[in-house]
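To start, the structure itself, in structure tokens.
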There are 2 protein chains.
Amino acid sequence: MVDYIAFDSTQALEYVKNQTNFFAPDAELTCYEFGDGNLNLVFRIHDQQQHSVILKQALPYARCVGESWPLTLDRARIEASVLIRHGEVCAQTTVKVLHRNDTLAITVLEDLGHMHILRGQLCQGHTYPNLAIDVADYLAKTSFYHSDFYLSPAQKKALVKEFTNPELCAITEDLFFDDPYHRSERNNYPNELQPHVTALQNNSNLKLAVAELKAKFLSSPQSLLHGDVHTGSIFVDQTNTKLIDPEFGFFGPIGFDLGSFIGNLLLNYCAQHKRAVELPKRRDLHAYLLNSIQTCVAQFEKTWLQLAKTQTRDLALQAPGYAERFINQVLRDAYGFCGTELIRRTIGLAHVADIDGIENLRARVEVQQQTLLLGEQLILQAPQCDTKEDLSQLLLSLLL
Amino acid sequence: MVDYIAFDSTQALEYVKNQTNFFAPDAELTCYEFGDGNLNLVFRIHDQQQHSVILKQALPYARCVGESWPLTLDRARIEASVLIRHGEVCAQTTVKVLHRNDTLAITVLEDLGHMHILRGQLCQGHTYPNLAIDVADYLAKTSFYHSDFYLSPAQKKALVKEFTNPELCAITEDLFFDDPYHRSERNNYPNELQPHVTALQNNSNLKLAVAELKAKFLSSPQSLLHGDVHTGSIFVDQTNTKLIDPEFGFFGPIGFDLGSFIGNLLLNYCAQHKRAVELPKRRDLHAYLLNSIQTCVAQFEKTWLQLAKTQTRDLALQAPGYAERFINQVLRDAYGFCGTELIRRTIGLAHVADIDGIENLRARVEVQQQTLLLGEQLILQAPQCDTKEDLSQLLLSLLL
């Protein structure tokens, strides 16, 4: 076992050639690095017959900032382990791990280069008919099978330990729940937004509701989350959907993943006011996005309750009606976390291309005003909603 | 380092003589075993000058059942570590650890032989003026300083791992939340109680509320609990109170410890209907117990909020009003957990001497009917109470 070194393309190629058997021994391999994410190196290694794999390697720092922001290599272990566990219960929508090496912080993955990253596609106005159902299926199955309903308490406690992920969780804790609601050097928004940011930071009811959400993020290990379900972590084509990049995985509140996903669809929804210039196209996209959210929530709930009905192993949690009550709370949480995603992507450190790609400042600020307001109201009002219908009604009333 | 062996009195004496320096080298020591608990060996080692220490050793099985019920020695590590951490923030009410040896599953403790175990004293009708305040102080300080309000997320996550305690938690999970609500061989109650037990086990609203409580016990690591705060885990005299035996310690819902304590006072309250034959004495004891509960809850809340106000380090959780909201939920949880303690001590495996010591069967069954009904109503109605005043009102309405 060698110690960690950060690979260049040649080393990545040699590693795959010598340490795996994906390619024929005499295959002529090519390798290039194309990572555009914030944190890691990503290599594609392919032969002349259109066979290819992805080699992902964590760096001991955050790539987008540099060596001044050290970041644990342990995230590669977490990511590979989450993918393997999620793949066991939802293979169809989880990128496949072909090989792992935790010392080198390497994961070799199936190449999804024939598919597209969802965010870019949505920005360009493309739609995907199976997206909502597939994501719902992934979120329901991965969360049910790692919850107290299904795992024995001893299994679950062991997994909670295994997936303790303090450094990556700290990023979420800071960026989602602290920075946007206080003055912070990491915040990032145009001056034009300052009055709205000031109002938001002075809204004590909002801060109270955000405290509730942060407390849940900190101390509610309901299931093994992906931890970063934004539209940049999802590959799509017209038939398939694949989740990637769960390096933020940990045992947390189930609503967090669903809320992050909905939040990203809503960020795109708001951006389309300025992106989709033609009204019919805009209406179509808005209808698609809203419909996707409603379908995803409904399908998530339905699948979860079906699993709970037939596969709950915990005796007490089998009490009739309990799963329904549990999932209603998960949905309320989801809309709340969705609100924090809308806000932190607007005024926090990490933005989304959906909005930042709008070149006209005034148009962009208008969109940002909407995402802030929408986020604020979802956080404040979701806790009062009893059912998914109420939550859907709330969302519609805020959008239409 | 030697491997584990279970000590006899001679070995316990030799260990203290050779491995510690509590006694002068030439001291003439005596040792006897007097453990009457369910799980462990307990030795007292003393010299001729009235110096003494307690050596507690875990056995690799539950003492009350025998070798057929294996039980992890790791509980000795947990117990010593909880005592040390709790002692750091509340030395006055935590028994002092003098020495530990995790391999031998040994903890050497200060001898509290000049004090009395609370349960026996309450059964005999003795009262302790500082009890409520002392226990409140212990519960507030130990839970605040190990919560997300005070610890950094990274510290807390490391401690959650360290205090993962699956085998002991499983006992609570089974005995508190499963057995009493289903047919179980471990349940233990007289035939006369069967109609009441059947009604309880058919009460679907109750089972729904118990599922909520179990889910919290499983997945709400709010703070480092004692895990077993019954009146047999508390030493008292007229000035001091000392908590012992936190081998069930783990990160769980804060209300569990407070609820267990209140539950044990209420078990005694109900038992006094038949124990304290003379009405004036009974009234005094009832008033003392009720007053202790109210004082304990009020003081717990007050101390917690004071600590939260001045020492909360988490930025989001500093939101004005959040600590109040958090503690209100903790109190609701506490009354709910209290209800599960009343029920499981009545019809589950492990009873309390307060009730089982009532020799007349008919009198005992009457008390058991009351504890069942009280437990049931607390579990059902506590979630609807907004404040500690509402909770107190609820309790009074059920008792008077």
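Each Cβ is built from the backbone N, Cα and C atoms, and glycine gets one as well.
As annotated by TrEMBL, domain 'Aminoglycoside phosphotransferase' applies to B:33-262. According to TrEMBL, the feature ATP binding site maps to B:Asn40, B:Lys56, B:Glu110, B:Asp111, B:Leu112, B:Asp245, B:Pro246, B:Glu247. The feature substrate binding site is assigned by TrEMBL to B:Asp228, B:Arg344.
Per-site Cβ counts within 10 Å over the binding-site residues B:Asp111, B:Glu247 peak at B:Glu247. The local packing around B:Arg344 (substrate binding site), expressed as other Cβ atoms within 10 Å of its Cβ over all shown chains, amounts to 24. Distance from the CA of B:Arg344 (substrate binding site) to the CA of B:Asp245 (ATP binding site) is 20 Å.
Among the binding-site residues B:Lys56, B:Asp111, B:Leu112, B:Glu247, the residue whose Cα lies closest in space to that of B:Asp228 (substrate binding site) is B:Glu247. For the pair B:Pro246 (ATP binding site) and B:Arg344 (substrate binding site), the Cα-Cα distance reads 19 Å. Fewest Cβ neighbours within 10 Å among the binding-site residues B:Asn40, B:Lys56, B:Glu110, B:Leu112: this applies to B:Glu110. In the three-state DSSP scheme, B:Asn40 (ATP binding site) is classed as strand. Under DSSP, B:Glu110 (ATP binding site) is assigned to a strand (E or B) in the three-state scheme. Recorded residues B:Lys56 (ATP binding site) and B:Arg344 (substrate binding site) have their alpha carbons 27 Å apart, per Cα-Cα distance. Counting in whole angstrom, B:Leu112 (ATP binding site) lies 29 from B:Arg344 (substrate binding site) by their C-alpha atoms. For the recorded site, B:Asp245 (ATP binding site), the DSSP three-state label reads coil.
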